[in-house]
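The structure under discussion appears below in the form of structure tokens.
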């Protein structure tokens, strides 16, 4: 007991150190912002913050807007949003030095643009904690490739943002830095695992952010906070220097991607990142520069669509969002074709959950050794740690009370999937999906996105609701999120009749999580085939414009 007490005391000391570093970061941000405003009282910070990224970069490039004005405008706004939502874990003080050293004669596409970076993406000299105490005071030896490329393009990484412990959650809370809140409604989750990014950009404290996605971790925060995000094909952007939530798993493709207020900003970021620097710094990234012709195309599209995956019943606002966008696209001259999803439940359990935990959860459990808390992923942790014989017994015991899945009689509980150590490669499922896609001669797909934002604490209870997003990690298709509508009083009224497809505990809990959301944003997903990020962005732009 004495040894345990001493060890816990040591861990809490490390937590306190990290929290003090966070506090010092905010104090520094306040100090430099106040100093700048005193020296430049005539600078209109509000007008700078109102500029979309393409216009901002244009003005910086033509000299009409000094990079210093942009930088301190965003440091000040980021400080405000951090105080309101607890989204920033650390201020990158060296950004001030980088700002002074940015050379006008070497103006990259993102020259002078402040960029926020997710906690799990390495920045030299700073921790990538992933919410684990063991990672405190273990600064990265070098920048991740994506951060190196951003800097070579003139961007200025200036803050790191909060994540849930282990990244295997679509909420945003950990023991070190606490809960991050949605800037649109503080009782709601900002989404996760790139939740700090979602909150900061959604609140206007960053114009461009970089996050990661292994089950919806870019798309949930974007949808919940009313912004845009792109999850590229897994290997389109480098993951070198990016910490994974479940180390070693290959079944569900992780991706690095941008988050911003609008689609043109995402396109500009991808244009900047897909350069020779990216391809030379990481030779595993295919040398595919940004295809401008595809992004700027104007020909009518043939678009598949569906309103539900028949596993997680969409909220009334989700269904309405897809229907309204479908009608607008048709009115604009595009062809909309119904797409029948098949066996999504089987894919989610067999390819996603079983794939991610194909070692029986051993790698996942190892992350938590010596940690003080694991509540945000308590169920997954408990299932991973449970002996195999008990998992088998439990799966049969709870079988009458949980939703069945198609195609496999024994698919009774998540515990059984974590029990399995067999890998079920999704290639065949992927080929079947692509065949169905090509038989319909589709260019892109319009899909629902879970929303509106769930209340804080609900995501950890509703892991099954990742079905709309995780499907496209298993398929490794580029997928973007665009906000298209707000929850109405009519949506809220219809929600009273929400029962779900299985009328089980998960469905009842999801109905509660959706309630009281009038005025919150709802998004749709835009999907393209692998390596067609430019077409995905072009489709997103069309949806955004309409």
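Every residue, even glycine, has its Cβ placed from backbone N, Cα and C.
Just so you know, TrEMBL annotations are computer predictions that nobody has curated.
Copied from TrEMBL, the annotated features are:
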ACT_SITE  118  active site, charge relay system
ACT_SITE  193  active site, charge relay system
ACT_SITE  217  active site, charge relay system
BINDING   167, 193, 214, 215, 216, 217  substrate binding site
DOMAIN    73-537  domain 'Amidase'
Problem - Recorded substrate site residues 167, 193, 214, 215, 216, 217, farthest C-alpha pair in Å - result: 11
Handout entry: Cβ packing number for residue 216 (substrate binding site), 10 Å threshold
Key = 31
Fill in the blank from the handout: One finds that other Cβ atoms within 10 Å of the Cβ of residue 217 (active site, charge relay system) number exactly 36
Handout entry: recorded positions listed as 118, 167, 193, 214, 215, least Cβ neighbours within 10 Å
Key = 214
Practice task
Sequence order is fine: just name those active-site residues in 118, 193, 217 with a Cα within 10 angstroms of residue 167 (substrate binding site).
Solution key: 193, 217
Exercise for the section: List the Cα distance (Å, whole number) between residue 118 (active site, charge relay system) and residue 217 (active site, charge relay system). Expected result: 11
Problem - Rounded inter-Cα distance in Å - residue 214 (substrate binding site), residue 193 (active site, charge relay system) - result: 9
Handout entry: Residues close to substrate site centre defined by 167, 193, 214, 215, 216, 217, Cβ within 8 Å
Key = 168, 169, 170, 192, 194, 212, 213, 218, 220, 245, 254
